[in-house]
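Look at Swiss-Prot and you will find 1-55 tagged as transit peptide. Per Swiss-Prot, the feature domain '2Fe-2S ferredoxin-type' maps to 58-149. The [2Fe-2S] cluster binding site annotation in Swiss-Prot covers CYS95, CYS100, CYS103, CYS133.
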Amino acid sequence: MSTSTFATSCTLLGNVRTTQASQTAVKSPSSLSFFSQVTKVPSLKTSKKLDVSAMAVYKVKLVGPEGEEHEFDAPDDAYILDAAETAGVELPYSCRAGACSTCAGKIESGSVDQSDGSFLDDGQQEEGYVLTCVSYPKSDCVIHTHKEGDLY
């Protein structure tokens, strides 16, 4: 048995897909029979299959330089910049690889995983700076955007 623990504000989205052979009714003069319509392939078995996948979704609030706020849902497997664009929020960016500081922000609350980035040093990350192009949300978070100038 396995156990998973999630943050209390975490939302799980799931996809369930089932596949099974379809059946067709064929009427013969003496009986009504059901036959499975399955392509016959040597050495392959047909069976019901259940695929399940789940992902966590967090609330991300971005606060712009003029105090404007944008809140949207961001899955834990998408960069914050990409999730913002999907939600219709425009943010500055250049490299999309974590190698520059154009998309820099400063996290006020919450946590992110930005292990894909290489531009920010440990001290800047400890001060709360994030690169939205390579940051995955790991909890609900509030990030102040347009912070490239603060890094220098």
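Using N, Cα and C of the backbone, Cβ positions are placed for all residues, glycine too.
Distribution of Swiss-Prot features across the structure.
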| residue | record | CB count, 10 Å |
| --- | --- | --- |
| CYS95 | [2Fe-2S] cluster binding site | 14 |
| CYS100 | [2Fe-2S] cluster binding site | 17 |
| CYS103 | [2Fe-2S] cluster binding site | 28 |
| CYS133 | [2Fe-2S] cluster binding site | 26 |
Using DSSP and collapsing to three states, where does CYS95 ([2Fe-2S] cluster binding site) fall: helix, strand or coil?
coil
Calculate the per-residue pLDDT averaged over the domain '2Fe-2S ferredoxin-type' (58-149) and state the result as an integer.
96
Where CYS133 ([2Fe-2S] cluster binding site) falls in three-state DSSP terms:
helix
8 Å Cβ shell about CYS95, CYS100, CYS103, CYS133 centroid, [2Fe-2S] cluster site members excluded:
LEU81, TYR93, SER94, ARG96, ALA97, GLY98, ALA99, SER101, THR102, PHE119, LEU131, VAL134
